[in-house]
Amino acid sequence: MSETENPTTPPDSTPIDSTRIDSTPSDQFDFDLFVIGTGPGGEGAAMQARKGGMRVGVAERYRQIGGGCTHWGTIPSKALRYTITNVMNVLKNPMFRELGIHATPSMEQLRRGTASIIAKQVSMRQSFYDRNSVPIFSGTASFVDEHTIQIHGENYTSKNFVIATGSRPYRPSSVDFSHPRIFDSDTILDVKDRPSSITIYGAGVIGTEYASMFRNLGIKVNLVNTRSKLLEFLDEEIIDALAYHLRDQGVVLRHDEAVERIEGCDDGVILHLKSGKQLKTDILLWANGRSGNTEELGLENVGLTPNSRGQLEVDEQFQTAQPNIYAVGDVIGYPSLASAAYTQGRAAAMHMLGRIDGNLRINDIPTGIYTSPEISSVGKTERELTAACIPYEVGHSQFKSLARAQITGSTVGMLKLLFHRDTKEILGVHCFGANASEIIHIGQAVMSGPCNSLEYFIETTFNYPTMAEAYRVAALNGYNRLF
Ligand SMILES: Cc1cc2nc3c(=O)[nH]c(=O)nc-3n(C[C@H](O)[C@H](O)[C@H](O)COP(=O)(O)OP(=O)(O)OC[C@H]3O[C@@H](n4cnc5c(N)ncnc54)[C@H](O)[C@@H]3O)c2cc1C
């Protein structure tokens, strides 16, 4: 591998965008691109720009690179989930019970593996910057003007900027986050004692993922939803399945609720709801929304104004109202995923390089939700297809009928294909169950390729036994509905 190669960035072969013309000579600036933030959004932009021959600098205010993704979001939460699942699978196994093995691992024990995974991620990601000669400036960056940034009193100039400063949990002033029993999604990772009960306020992706995790540990969970359904952006059947399985596992779901006040006590936290209900548990996790990290950026000096949630508005090319300043990742809001942030960062850099985003499929981002059961989807939902009057048909495959699922004991789950009844084109893939977030990519690959048709799955030989076989079963199931 050559000095500048980065295994996470593919070669650039996209066409030139003739609309992106900026004749300012870049050698009048210290950098061609300066990126603020080293999460997936910042890394994607920095590496793509470097591959295109740009001089790139990066700022990071945290002591280590990697962003919220590595230190207090995706990586720690998924590492903890994996440990909890493995430990509980062993402890629930009848063979261990027979041997008299009982244990209640502490939170500290469950968290132990997480630190080493974070360290590996940081070291690997740091090597990308080092090998590609991208200097990282440690400190909080703020704009002086549209071509100048200041870090620790030093000014640096750049032709372009990417703001990839991420987000943090939204903290309303009415909630006392200094109370030792009240947490948000950043601080919950440090919970010291294993609680016997938890109330989670907010049933978005983060809230439902933590509800699953705590329930798997045998902790009593109240999941309080401010809306009438869980994760409304998902396909209806998947929403129903998630609600059914969470309830089946013992999570108490409360829909259409709103907080009146939160009372922190010595022995617990009481959530007072506007409906008159009161829920008392050992601890409370506030998981209701996020705010973009924009207030330290000196945006007033470049004429940019974030919305009430601190998020920046961008166009399709991720340019803000100041065209040489781009913004990507959580700081621009939905979908607020590490996967999307990385792709957006790359797309912004490509645009600066004068290239059209030909292959990044930025509007075709899959969802991956690490609840129990795991959920993943790509493409349209039944609701969207019905609203658009597209004549579609459905094919299902239940995991319980697959040999591989029976062998591994992962029989909870389903794969669902939505396809056009005339052209057989696959329009949406929705899955829940073990490894759904991996399984979905088979459907995504076929959907985005030249052989996007139900027939691909009917005519293809799948390894046996595999979970991938679900695609053939679902395709045949759907095909048999046609007349
Ligand atoms: C609990 C939890 C679980 C999640 N699970 C998943 C998941 O499973 N899959 C998934 O795809 N996504 C997941 N996410 C979302 C994912 O973590 C974010 O979408 C992703 O981190 C956003 O990347 P980013 O680059 O925009 O910002 P971040 O990763 O937050 O990085 C922003 C960086 O900018 C730095 N910064 C901020 N301001 C400045 C400044 N002024 N100067 C210098 N540096 C600055 C910050 O220190 C930070 O390092 C999860 C999030 C949470 C909270």
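Every residue gets a Cβ built from N, Cα and C, even glycine.
From the candidate list GLY113, GLY289, GLY292, GLY298, the residue TrEMBL records in the NAD(+) site shared with GLY202, ALA203, GLY204, VAL205, ILE206, GLY207, THR208, GLU209 is GLY289.
Taking a Cβ cut-off of under 6 Å from any atom of ligand 1, the binding-site residues THR165, GLY204, THR208 reduce to THR165.
The Cα atom of THR165 (FAD binding site) lies nearest to that of GLY289, taking the binding-site residues GLY202, THR208, GLY289 as the candidates. On the 0 to 100 pLDDT scale, the domain 'Pyridine nucleotide-disulphide oxidoreductase dimerisation' (365-474) averages 96 in this prediction. Secondary structure from DSSP puts GLY204 (NAD(+) binding site) in coil. In the structure as shown, the Cβ atom of SER167 (FAD binding site) sits within 10 Å of 23 other Cβ atoms. If you measure from the Cα atom of LYS78 (FAD binding site) to that of ILE206 (NAD(+) binding site), you get 11 Å. What surrounds the NAD(+) site, by Cβ distance within 8 Å of the Cβ centroid and not counting GLY202, ALA203, GLY204, VAL205, ILE206, GLY207, THR208, GLU209, GLY289, is the set ILE200, TYR210, ALA287, ASN288 from the same chain.
Sequence-distant neighbours of ASP330 (FAD binding site): residues of the same chain at least 6 apart with a C-beta under 8 Å from its C-beta are GLY39, GLY41, GLY68, GLY166, SER167, ARG290, GLY292, SER336, ALA341.
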